[in-house]
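Have a look at the structure below, then the notes.
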């Protein structure tokens, strides 16, 4: 709790508007399938709520993992906004969650994961569903870190033209393009960008927010974020907590190349060790099978099949 409070307070002081505090797979994500949290999520949300003075405390919810009841508890702990995330073709699974959150007075982001797996017209269709349910913002998410800048421009640009609400972009750095792709999203009208200190996140990590702020300053955007303060949060608070640096090693690179959900990485490492396989081979096969978030159980199945070929 002390770590969450320190980082959340630092982000708030640096001027970050929306500060997300949740398990990587959202509310109720702490489980055998997705990995257990060291601390109960409600305690973490309360810890952040106690230090955030200007920003908006936000949680993540993935329908099918988190429930409406989980969201109600998070709101009672101090959450003011929620990012409701679905696979890029399954926005309809989020309708009740979005409507309930709006009825509670929360800000709502509709979040389309694995957007590289659908053409721009399908991404637009799903974004418009989020908007029709009452989402305040819609997001195009490159959850596999698989997109090139032109892919981002095509999808984000199409959504910007089709909806009336602000559009955001969420990147992963598996192909080392997180910052470049974020700039591409801005070029075609996105107004919200995600980032994490030191890039902490699944796969090779997310857009490194302190670097992104510096880049945006150089381009001429007004971010409202204090460059020195966000650098200090990254170096003094977040980096000492990290078990390993976020670098593009072979397996994270394969995530982006094969278009595999970034959260599969650690599960794949464990399966590779168990079956004496190269993690790249497992990820390549998962990509061929077009596995998506929520199918983590298939990683062991694929590894078993490869080991017995």
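In case you wondered, yes, glycine gets a Cβ from its N, Cα and C as well.
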Looking at the substrate binding annotation from TrEMBL, with 143, 170 already listed, which candidate in 221, 228, 257, 261 is the matching residue?
261
If you take the centroid of the Cβ atoms of 143, 170, 261, the listed substrate site, which other residues of that chain have their Cβ within 8 Å of it?
113, 114, 141, 142, 144, 145, 172, 202, 262, 263, 293
Got a sec? Which of these binding-site residues, 170, 172, has the most Cβ atoms within 10 Å?
172
Fewest other C-beta atoms within 10 angstroms of its own C-beta: which of the binding-site residues 143, 261 fits that?
261
Cα-to-Cα gap, residue 143 (substrate binding site) vs residue 172 (Mn(2+) binding site), nearest whole Å:
6
Local backbone state of residue 143 (substrate binding site), from DSSP in three classes:
coil
